[in-house]
Amino acid sequence: MNPAVVVVHGGGGSNISKDRKERVRQGIVKAATVGYNILKEGGSAVDAVEGAVTVLEDDPEFNAGCGSVLNEDGEVEMDASIMNGKDLSAGAVSAVRCVANPIKVARLVMEKTPHCFLTDQGAAKFAAASGIPTIPGEQLVTERNKKRLENEKLQKSDYQKNLGTVGAVAVDCRGNVAYATSTGGVVNKMLGRVGDTPCIGSGGYADNDIGAVSTTGHGESILKVNLARLTLFHVEQGKTLEEAADASLGYMKSKVKGVGGVILVNKAGDWAVKWTSTSMPWGAAKDGKLYSGIDLGDTSITDLP
């Protein structure tokens, strides 16, 4: 029996304001707990990462689903991907609108089509045909994100503020690993812009023989260095999960000045959480314990209910 482990992140970014910190922490804790409970009930790693990410997509504090940032037209366009480390099957969607949970559509792409990646209208048509309910686009728009778009248009802000993504990695009792990542992208992005999140190897990767990783950060930088696969390459070369994360994040920072974060697991149940952005909300559940944090050096450990 392999140890059941789930790790989640709520996006690398700048400092999280005091009034939001507790809500963000609660959201992360809930996502990790939901994912872990799925594993404890015999669910697969894929079930666990989808379940955890769905919780974060449904939480307006995070830049995914109903908390997604707005593009230049004031609309929500979302990206997501998921991968099963058992057979490298993967599914992704980009530029999707009017669905509550893009990660669910990504999983359906993985399991119900011969393809890995559907975009925009094709993804919408497939989602509708698969029974995913359509919701009005306005339902995904929050007042906070309207203000963020206004501020972004008035001034070119530090892009580090716009690094939110959500993600999860897991290993189940059968030793299978999986990842899921979902995002609304960056504030004021051009229509049709796609970042790293739906791109297999950048937004995440899962292979039972190496491990699973979900990334967050400046999407264009992550794409340029294939951050997820690069991290696992370092694991293949014999580095520990923490060393591999430090190496790939360090490379991205030195090569393209990009900051971000990664979460990793392997089938032995080891896990790691690393970031170069100012903060990254994260949570991990293993052996009945819940670990969580937001800023460097700020880790709390509690018993899972």
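From the backbone N, Cα and C atoms, a Cβ is placed for every residue, glycine too.
Where the annotation comes from TrEMBL, it is an automatic prediction and has not been curated.
If you take the C-beta of THR165 (active site, nucleophile) and look for same-chain residues 6 or more apart in sequence within under 8 angstroms, you find HIS9, GLY11, GLY12, ASN63, ALA64, THR181, SER182, THR183, THR197, GLY203, THR215, THR216, GLY217. Annotated active site, nucleophile per TrEMBL: THR165, in sequence order.
The substrate binding site feature in TrEMBL is assigned to ARG193, VAL194, GLY195, ASP196, THR216, GLY217, HIS218, GLY219. The Cβ of VAL194 (substrate binding site) has 19 neighbouring Cβ atoms from other residues within 10 Å, across all protein chains displayed.
Comment: substrate site residues ARG193, VAL194, GLY195, ASP196, THR216, GLY217, HIS218, GLY219; largest CA to CA distance 16 Å, whole number. Neighbour density at the Cβ, taken as the number of other Cβ atoms within 10 Å, is lowest among the binding-site residues ARG193, HIS218 for ARG193. With a cut-off of 8 Å between CB atoms and residues at least 6 apart in sequence, the same chain places ASP79, THR183, GLY185, VAL186, GLY203, GLY219, GLU220, ILE222, LEU223 near GLY195 (substrate binding site), listed in sequence order.
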